[in-house]
């Protein structure tokens, strides 16, 4: 009977004489039931969800678009561009999903190519502000104060009266801006306790000319400003010099005694 069932399952004709009609009917019913079970069983097996193979995304940050596409072969690549001052132009700045994520092959992966630092505009609100206010405005625009130029003006001392490049002009983000500041007396910034580079930068930005004197003091930290003249919060004319005293003391290296011969 099993052979007959297999033949029926394959679609072959089965010819078998059964003398007893009742037995013949039972056999036919059994064969039909077996075929139904075999068919439905195969269907159910085919309906069981198969596990999906996942692929771990590699890191393509810093690569060119061509290199990134090679590394992400088998995925659908979506390319966008955006300014990024920390990534060279035409290099991948970021990817979504991030590296290390497991996703299906063929899934979408977005890469952001850097346009470099991007562009920004020189603020139009700098004229008439103080130096401290101008620094805040420049920082908000993604620009830095390169230096100040003292100029004769009828405006109050310390007032910003000119900007280079021109306000409203388009420049690269992170560019330096020169401010023309009305000459006259303004307060000298406090630079004591900071490094020589920091102190000279602050003084130049404030419109003063740093004059550096070096000294050696074993009781004070090396490389920092110990004194300044004029003192902080004293008023001095813009464009005048401010003398700072920088400690350059370096202790002598300790010499280990030579081992004695035994």
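For all residues, glycine too, the Cβ spot is worked out from N, Cα and C.
All TrEMBL annotations are machine predictions without curation.
Ranges compared are 26-45, 46-65, and TrEMBL records transmembrane segment for 26-45. Taking the domain 'PASTA' (48-115) as a whole, pLDDT averages 90 in the prediction.
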